[in-house]
Amino acid sequence: MCVCLFQYMSGFGNEFSSEDPRCPGSLPEGQNNPQVSPYGLYAEQLSGSAFTCPRPANKRSWLYRILPSVKHKPFTSVPCGDLTENWNEVEPDPNQLRWLPFTIPKATEKKVDFVAGLHTVCGAGDAKSRNGIGVHPAFLFKFSFLCVSLCLFVCAVPQQGEILITTEFGKMMVEPNEICVIQQGMCFSVDVFGETRGYILEVYGAHFELPDLGPIGANGLANPRDFLCPVAWYEDRKVPTGYTVINKYQGKLFACQQDFSPFNVVAWHGNYTPYKYNLKNFMVINCVAFDHADPSIFTVLTAKSTRPGVAIADFVIFPPRWGVADHTFRPPYYHRNCMSEFMGLIKGHYEAKEEGFQPGGASLHSIMTPHGPDVDCFEKNSTAELKPERVAEGTMAFMFESSFSMAVTKWGLHTCQKLDKNYYQCWEPLRSHFNPNWKPGKQ
């Protein structure tokens, strides 16, 4: 059993250092690349940014491993299944879209590994130019698989079932209501312990960052100390059948074989690491006077574009909080947005649509597609007594918001057979309340 048993170091983007306690002194002292590393290890740098990036944006880690990652057989192409970057396989669909909970394979069915369990539902952009995103519901049962990603940053959001993620940097146990980020180029495997479902946001180029706080001040939202990265753990193991490493490169999948464990890093240091975060630690900012604040106040992580204030992708949550606004329709307002909004529900009932939007399902409101509360939510909250109340208690909804106009895949529109074709009907009963004789002071 691993000696770390899920120990972590806290901080976001810190300069970390860690060595497996079975090999004390395995980190070189005073330099990165000695002529002979302690314990006869190989020194290998993993660069997450260009060498010449300014220091605040420069990302790299040094790994000290039993064998270097370059030792493997040639990569060969493997089927991609429902993982795709073909955004033109079906005609565009500007409608409001909602999916019922995606089906999880049962124990009696064929076991599904992590890679085969990925199904692209929507996305945009191009991996070759390293500018774009993909959204992949993930569902699998009782299996693990190795995967190295050379063109993407992954934000994983488990909805059902905990997942054990083994990386070159150590191990992380990630449970529902937590997220984890696996950064470009990092080798990892996924183990599950039963029926498992979640959501994957893939970003082709930019790093996730904490959003700027501006006048909020020095503290709030997702605080850096609550992010956790693993401690060093290694295995020195060979298996007769070899290890299969899957590489996602330029939108396609490739596999190679090697006879030693990829998780042979005895020590490491740097600021380019995988990490996880528990959403319960989010320090919620909300309106305390009137009006419904914009959802950007619930941003956990952002992957910035080159345009100031515009994100390639924001990861936003809608956590439990107090609602106290006076003279206000408190649920989310009716909206048309210059951004695409993909939403998922981890648990509970989303306040704007308590029926129909279910845990394990999803919705997509594309650029400038109108959306907002259903008729029941509107009628109830237009006449509700405005007293302090808990909102979204026992609930966690999230949103992947993007400046890209995301295309829906053939799998998302047809193959998955989970598209709720009656979604639009939740707004059909909305009626006019217009009163041309209205006077100030009258309801």
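Glycine residues also receive a Cβ, built from the backbone N, Cα and C atoms like all the rest.
According to TrEMBL, the protein has these features:
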- His292: active site, proton acceptor (ACT_SITE)
- His335, Glu341, His371: Fe cation binding site (BINDING)
- Tyr350, His371: homogentisate binding site (BINDING)
- 7-279: domain 'Homogentisate 1,2-dioxygenase N-terminal' (DOMAIN)
- 280-434: domain 'Homogentisate 1,2-dioxygenase C-terminal' (DOMAIN)
Tertiary neighbours of Tyr350 (homogentisate binding site) (same chain, Cβ under 8 Å, six or more apart): Phe318, Met343, Phe357, Ala392, Thr395, Ala397
Cα separation, the residue listed as 'active site, proton acceptor' to Glu341 (Fe cation binding site) (Å, whole number): 18
Site of maximum Cβ density within 10 Å, from binding-site residues His335, His371: His371
Predicted model, mean pLDDT over the domain 'Homogentisate 1,2-dioxygenase N-terminal' (7-279): 92
The residue listed as 'active site, proton acceptor' and His371 (Fe cation binding site), distance between Cα atoms, whole Å: 16
Cβ-Cβ distance under 8 Å to the residue listed as 'active site, proton acceptor', same chain, at least six residues away: Ala325, Thr328, Phe329, Arg330, Pro331, Pro332, Tyr333
Cβ-centroid neighbours of Fe cation site His335, Glu341, His371, 8 Å, sequence order: Pro332, Arg336, Asn337, His365, Thr369, Pro370, Gly372
